[in-house]
Amino acid sequence: MTRHFLRDDDLSPAEQAEVLDLAVQLKRERWSERPLAGPQTVAVIFDKSSTRTRVSFAVGIADLGGVPLVISTANSQLGGKETASDTARVLERQVAAIVWRTYAQSGLEEMAAGTTVPVVNALSDDFHPCQILADLLTIREHRGDLAGQTLVFLGDGASNMAHSYLLGGVTAGMHVRIAAPAGYVPAAVVVADAERIAATTGGSVRILADPVEAVTGADVVITDTWVSMGREEEKAQRLAELGAYQVTTELMAHAVDDAIFLHCLPADREYEVAAEVIDGPQSVVWDEAENRLHAQKALLVWLLRQS
């Protein structure tokens, strides 16, 4: 049966652990898996510009023996004359998998429903599951077993990153806290899904307004840009409303002594995070960026095995 990865909870707890174990192997033995040898082609479609996503998928597909076919929607029929479903049916005749960085989650769902090859969400407005796999790998490397650890995300709790931390974190059995002001809280349906998963994994979900309360006793502190692509006109308002959630050395002092700091990048220093934090000893953002490669390779290997 074809498996897709559109949301973090498309993997069960056991499957998520299996992918992370495989990522550890591939980081240690980079060319130990070659499921795309032939070579086979993987379509990598971009509606949004990217550095880390484009490089990590292109390099990862090549590492697995394949050829990355990078497509811009500006230079294709997708989203214009052709539906996502029709595009998927064309691509499946020629590629082994489809990776899509886009806007609407519904487009990914339509594409997945219309194809027999795996579809991977490389980012949507609602979720960023590949990033969370990389982050979980990074946390595991630096802090050991994921279950029982407390992960805090501060800032825009309605963002794709916050949604994915909720789902991916509780799938791993973590205690996930989102610290955000009114108007920036996660979607209720995502919170409900996370709570349902947490009830089976031993994790938990808390949505808080106070950043100090949220960070107190945390093992992992995370933030993301306050002004995402396409929201530049909201910059002044967002900086004013989210200013109290900046990750500073003073805020990090409320976490456990050996807490780590993550940020998926690109970062706006002195907005969502102080320079002394992201460039300081608790920051693991460069390991996190590298781990996009290993986590995504593991995901592709796993999906191709299932399919």
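Placed from the backbone N, Cα and C atoms, the Cβ positions cover glycine too.
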Exercise for the section: According to Swiss-Prot, S50, T51, R52, T53, Q77, H128, P129, C130, Q131, C264, L265, R292 bind carbamoyl phosphate; identify which of R28, R101, R238 is listed for that same site. Expected result: R101
Handout entry: Residue from N121, N160 that Swiss-Prot also lists as binding L-ornithine with D224, S228, M229
Key = N160
Fill in the blank from the handout: Neighbour count check, CB within 10 A, over binding-site residues Q77, S228; minimum at Q77
Fill in the blank from the handout: Using a 10 Å radius on the Cβ of D224 (L-ornithine binding site), the other Cβ atoms enclosed count 25
Problem - N160, D224, S228, M229 excluded, remaining Cβ within 8 Å of their centroid (L-ornithine) - result: H128, D156, S159, M161, T225, R231
Fill in the blank from the handout: Between the C-alpha atoms of C264 (carbamoyl phosphate binding site) and N160 (L-ornithine binding site), the distance in angstrom, to the nearest integer, is 12
